[in-house]
Every structure is written in structure tokens, then in C-alpha cells.
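> One structure coming up, written as C-alpha cells, with questions to follow.
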Amino acid sequence: MAGLKERFQAFVNNRWLVFVAAMWMQSCTGPGYIFGSISPVIKSSLNYNQRQLSKLGVAKDLGGSVGFIAGGLCEILPIWGVLLIGALQNLIGYSSLWLIVTGKVPVFPLWAICVLIFVGHNGETYFNTAALVSCVQNFPKSRGPVVGILKGFAALSGAILTQIYTMINFPDQASLIFMVAVGPTMVVFALMFIIRPVGGHKEVRPSDGLSFTVVYSVCLLLAAYLMAIMLLEDLVSVSHNLITIFTLILFVPLFIPIVLSFCEGHRDPAEKVLLPKPYQHDAGNPEQDTREHEVVSSEFKDENPEEVDSLVVPEGQKRIAQLQAKLFQATAEGAVRLKNRKGPHRGEDFTLMQALIKADFWLIMFSLLLGSGSGLTVIDNLGQMSQSLGYDNTHIFVSMICIWNFIGRVGGGFISEIIVRDHAYPRPIVIVVAQLVMAVGHVFFAMGWPGAMYIGTLLIGLCYGAHWAIMPATVSELFGLKKFGALYNFLNLANPAGTLVFSGVIASRIYDREAEKQARQHHIQSHISGSIFSGMLAADESLNCEGSICFFLSSMIMSGFCIIAVILSMILVYRTKTVYAHLYGKSC
């Protein structure tokens with residue numbers, strides 16, 4: 001009985017179980033990505049124009065990005081407490097919006113609805129922060145894959161929620177808002193006591209690489225399956241029973257990674273490879289007892305001089321010579337200055353205030369604002385973009401961009417990890433490529449060619465996702481893990497700042513201007529034809545724009561800003577070459 005209890009306790013405290021639970025939670029708690037599906041019903045029910053709808057989108061993005069409170073609470077509350085607050089915010093915000101849209105309560109003024117959307121979507125910051133802080137601490141040696149997978153499932157949640165909505169077969173589109181209010185809340189309540197740091201920083205297993213390969217395979221399988229059933233449902237008529245079966249099968253791959261927990265829990269303890277000696281436990285050394293409870297905050301700690309003392313003499317001398325050679329090289333390159341500097345160096349632990357005075361941090365911030373902000377503008381306006389080009393079913397494009405977003409996050413984390421591990425080259429080099437491709441994607445949306453919606457959705461989704469797999473991992477490498485929650489949530493402000501400019505100021509104004517031009521033309525044509533009724537109908541449709549002209553200019557502007565983001569990212573790559581060479585460089 002005691003042995004069974006120990007095995008159960010080991011399973012509950014297994015870092016892979018925490019990771020799988022975080023994947024489950026992220027896959028159902030990203031309602032912001034289906035705003036393109038719920039925005040048309042909000043627009044029609046409340047009689048909003050595009051500019052008013054863009055304000056709601058900016059409020060949503062601001063709510064999903066202002067995570068300072070979530071980051072701060074992670075330092076004083078248990079993780080389950082943080083998740084509970086987020087779940088309550090999600091329930092209150094979106095359920096109130098549903099009551100307003102369905103007419104069950106009087107319509108609130110625009111600013112009040114913005115507040116409700118802000119509160120509801122702000123709950124997502126608690127989910128993201130709790131999942132990332134827990135799993136990055138549990139897997140400090142695999143930050144790229146961990147961040148990419150978790151952020152990827154957050155992006156995929158839009159497609160998963162849409163598929164569940166299709167399965168339940170609600171009577172109206174407003175019910176999707178109700179499902180967004182209730183579904184994520186129930187999932188968080190079920191998993192909030194599992195997701196937490198469990199001390200994974202104390203060990204690394206040789207099989208971790210294989211385990212992450214299995215998880216990547218499951219991710220790709222899930223995305224491919226979801227894409228296949230989504231296209232099938234769009235192209236042919238599928239019975240409701242078959243849709244139900246498709247949706248239930250959708251969740252089967254998520255059980256596969258649980259096997260990793262059992263496999264790791266039953267391995268021979270001799271397979272464990274502890275991190276360098278300073279992090280091992282030695283009952284006879286009280287200093288090491290103290291260090292055992294510290295979270296690894298920087299890769300530089302692997303270079304601790306005490307590690308040299310634990311080696312045999314010849315190996316220790318060789319290691320000393322290697323460290324001296326690295327020091328001389330760094331001095332020659334200007335990475336180490338002779339005069340003392342206040343504050344930490346890149347690669348060590350920074351507070352938020354210390355990071356805010358560093359040029360690298362602001363390069364990351366503005367690169368995200370231009371690249372990620374323009375991508376999120378497309379995601380928020382995808383419903384209107386597809387309608388302007390004559391597509392009736394907007395859900396297909398919202399689901400597709402969620403899937404490509406997911407693949408971009410998972411793939412971005414995987415590719416960037418290869419670059420830093422195998423080549424010791426700066427991780428942001430992947431962002432340079434992504435932003436170049438994103439510029440091309442905006443051009444496809446601008447031109448409105450046949451099939452351009454599918455290609456543009458593919459390119460923007462992949463590249464937007466890559467941003468949020470790579471940049472958080474980059475921040476943890478350059479500025480440490482100790483205050484990662486605060487740093488990550490500050491970076492999230494790039495999203496609402498970008499959409500405020502691109503969507504709230506540029507895209508919505510251009511859309512409404514073109515819609516007014518088309519309304520005047522319809523009005524003139526109706527007078528020429530002598531039909532008063534046609535003139536009244538045209539007036540009623542004055543806020544709808546048709547054709548590629550609706551988003552042509554705004555898409556071209558965003559494409560240009562993506563090129564500027566490429567330049568900023570290249571500067572960041574140049575500035576951090578020495579840091580990454582020191583973090584991941586292999587000894588000769």
C-alpha cells in the first residue's frame with residue numbers, strides 16, 4: 001500500500017504530467033483567436049460600424065496583453081489561485097457579453113462593452129502566465145520547445161472551440177460567446193491543482209529529447225487531423241453524428257503524452273542525469289542544501305567555477321583553460337568591459353525595471369509591435385476580410401489561421417531550438433525570416449486574387465505564431481527566469497499597441513471610408529434607376545464594404561512595417577551573437 005501511495009505521489013509530482021495538463025488547458029483557453037467568428041454577430045446585433053468593432057478588438061487585445069497583475073500574483077499566490085482568478089474573469093466578462101448580444105439585458109454603451117471584453121479576455125493572461133511559469137521552471141533546458149508547444153495549443157484553441165461549437169449544433173452564432181464563457185472556466189477548474197512547478201530544474205533525463213519528439217509528433221498529428229475534418233465539413237455535407245465522432249476523436253491524441261509521465265516515473269533512477277554539481281544534493285554540505293531549492297535562473301550558472309572543482313584534476317585544468325580562452329575572446333569582442341557596471345549582464349537575471357533600460361529589450365518590443373501587431377490585426381478582422389471578398393463562411397478561415405498559428409508556434413520553437421543548440425546562433429534569426437514571409441502574406445491579402453485568402457491565412461498564421469514561440473524564449477535567455485512572468489507580460493503589450501495602430505487607426509478608418517464611397521455609389525445608382533426602395537436598402541448597408549479595395553491600402557501599409565521589423569530583428573541578432581555563443585557554444 002505504501003508503495004502504491006509513493007508511485008501515485010511520484011505521478012502527481014511528475015513534470016511531464018504538469019506539461020500535459022498545461023497543454024490541455026491551453027487548448028481550450030484561447031478564446032481571443034475566435035474573435036473573427038464572433039465579431040460579425042456582435043456587429044449585426046448591436047449595429048456597430050467597423051470603427052466601433054475595431055475598438056472592441058483593441059479592448060480584447062489589451063485585455064489579453066495586460067498581464068502585470070497575473071505576473072505579480074504568480075510570485076505571491078499559488079498557481080491554482082492565479083488560475084482561479086483568471087477563470088472567474090473569463091466567466092464574468094464573456095457571459096455578460098452573451099447576455100447583451102442575445103438581448104437578455106439592455107444594451108450597454110460601447111465603453112462598457114469594451115470593459116467587459118477586456119475583463120473576459122484578461123483571464124487568458126492568468127492561464128498563459130501560470131502555464132509558462134510552471135513549465136519553463138520544470139524544463140529550463142528546453143525553453144524553446146516548451147514555450148512553442150504551450151503557446152501553440154493556445155492558438156489552436158480557437159479551432160478546437162469552433163469544432164466543439166459545430167458538434168453541439170447551437171441554434172445561433174451568439175451561442176459561441178456562451179461557450180467561450182463556460183468552456184474554458186470548466187477546464188481550468190478541473191486542472192488548476194495539477195499545473196504548478198514541481199522541481200524539474202533539478203534533473204535532466206537523456207530521454208527528454210525523444211519525449212519532446214513524441215510531443216511534436218502528436219502536435220502535428222492533431223493539427224493535420226483538425227485541418228482535414230474542417231475542410232471535409234466545409235466542402236461536403238456531413239451528418240451531425242459524424243461531426244460528433246470527428247470531434248471526440250480530436251481529443252484522443254492529447255492522451256498520448258500522458259504515457260510519457262508513466263514511462264518517466266518507472267525508469268531506473270540511474271538514468272537520471274542531474275544538472276551540474278552545484279545543483280546536486282549533498283547531505284554533508286549545507287550550502288548545496290540551500291542551492292537545491294533555487295530555480296535555475298540562467299544558463300550561465302552552468303559555468304560556475306565550483307563545477308571545475310568537482311572534476312578530476314586533469315579535466316579540471318582543461319576546463320580552466322577553456323574558460324580562460326572564452327574570457328579572452330569575449331574581452332577582445334567587447335562583451336566584457338574592464339570597468340565595473342551596475343546591474344546584471346545579459347544572460348543573468350533581470351528585474352523588469354532593469355530590462356527596460358536595455359536596448360535589446362526594446363528591440364524585441366518594437367519588433368513584436370510591428371510584426372505580431374500586424375498579424376493580430378488580420379486575425380481580428382478576418383471575418384470582415386473574408387466577407388469583403390465574397391466568402392460566406394468566415395469560420396473556415398478563422399479555424400485555418402488558428403491551425404497555422406499553432407503550427408507556426410510549435411515549428412518556430414523547434415527550429416529555433418535547433419539553431420541555438422546545434423549552431424549557437426541567436427534565436428531571433430528565425431523571426432527575421434518569419435517577418436519577411438509575413439510581409440508577403442499581407443500583399444496577398446491586399447491583392448485579393450483568387451485563393452489569396454487561403455495563402456494569406458497560411459503565411460500570416462505561421463509567421464504570427466512563430467513570434468510568440470521565439471520571443472518569450474529569447475527574453476528568458478537574455479534576461480533570466482527569475483522575473484520571467486513580469487517580463488513576458490510586459491512584452492504582451494506589443495499586441496494591443498500594434499492593433500491600436502493598425503486596426504483601430506488605419507484598417508478601420510480605411511474600411512469605413514471605402515464603405516461610405518460604395519454606399520454613395522449605390523445611392524446614386526438607385527436614384528438613376530428611380531427606385532426609392534433600393535436607395536433605402538443601400539443606406540442600410542452603408543457600413544459594408546465589398547472587394548479587395550476594402551483592405552488593400554491597410555495591408556500594404558502593414559507589409560511595409562513588417563520590413564521595418566525585419567531590420568530591427570537583424571540588429572537584435574547582431575547584438576546578441578556573443579551572448580548566444582557563450583550560452584550555447586560548445587567547448588573545443
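Backbone N, Cα and C define each Cβ position, glycine as well.
TrEMBL annotations: computationally assigned, not manually curated.
So TrEMBL lists these for the protein:
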type: COMPBIAS; residues: 288-303; note: compositional bias 'Basic and acidic residues'
type: DOMAIN; residues: 15-260; note: domain 'Nodulin-like'
type: DOMAIN; residues: 356-524; note: domain 'NFD4 C-terminal'
type: REGION; residues: 276-304; note: region 'Disordered'
type: TRANSMEM; residues: 62-85; note: transmembrane segment
type: TRANSMEM; residues: 97-119; note: transmembrane segment
type: TRANSMEM; residues: 149-168; note: transmembrane segment
type: TRANSMEM; residues: 174-198; note: transmembrane segment
type: TRANSMEM; residues: 210-231; note: transmembrane segment
type: TRANSMEM; residues: 243-263; note: transmembrane segment
type: TRANSMEM; residues: 361-379; note: transmembrane segment
type: TRANSMEM; residues: 394-416; note: transmembrane segment
type: TRANSMEM; residues: 428-447; note: transmembrane segment
type: TRANSMEM; residues: 453-475; note: transmembrane segment
type: TRANSMEM; residues: 487-511; note: transmembrane segment
type: TRANSMEM; residues: 551-574; note: transmembrane segment
> Counting CB pairs under 8 Å, which listed stretch among 62-85, 149-168, 394-416, 487-511 touches the transmembrane segment (361-379) the most?
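The listed stretch sharing the most Cβ pairs with the transmembrane segment (361-379) is 487-511.
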> Let me spell it out: take the transmembrane segment (97-119), skip the flanking residues so only those 6+ beyond its ends count, and list any with a Cβ under 8 Å from a Cβ in it.
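Cβ under 8 Å, 6 or more out: 41-42, 45-46, 48, 52, 55-56, 59-60, 62-63, 89, 172, 174, 177-178, 181.
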> For the transmembrane segment (174-198), which stretch among 62-85, 149-168, 487-511, 551-574 has the most Cβ pairs under 8 A?
62-85
> Out of 62-85, 394-416, 453-475, 551-574, which stretch touches the transmembrane segment (487-511) the most, going by CB pairs under 8 Å?
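Answer is 62-85, with the largest number of Cβ pairs below 8 Å.
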> Along the domain 'Nodulin-like' (15-260), what average pLDDT does this model show?
83
> Give the nonlocal contacts of the transmembrane segment (551-574) in its own chain as ranges (CB under 8 Å, at least six residues past its ends).
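Same-chain contacts beyond the ends: 360, 363-364, 366-367, 370-371, 374, 377-378, 381, 385, 388, 426, 428-429, 431-432, 435-436, 438-440, 442-443, 445-448, 502, 506-507, 510-511.
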> Who are the long-range neighbours of the transmembrane segment (394-416) in its own chain, taking Cβ under 8 Å and residues 6 or more past its ends?
33-34, 36-37, 40, 144-149, 151-153, 155-159, 162-163, 166, 216, 219-220, 223, 226-227, 230-231, 234, 378-379, 382-383, 385-387, 427, 430, 434, 453-454, 457-458, 460-470, 473
> Do any residues of this chain, six or more beyond the ends of the transmembrane segment (149-168), have a C-beta under 8 angstroms from a C-beta of it, and if so which?
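Answer is 22-23, 26-34, 37, 124, 127-128, 131-132, 135, 175-176, 179-180, 183, 215-216, 219, 222-223, 226, 229-230, 233, 240, 243-244, 246-247, 250, 395, 398-400, 402-403, 405-410, 413, 465, 468-469, 472.
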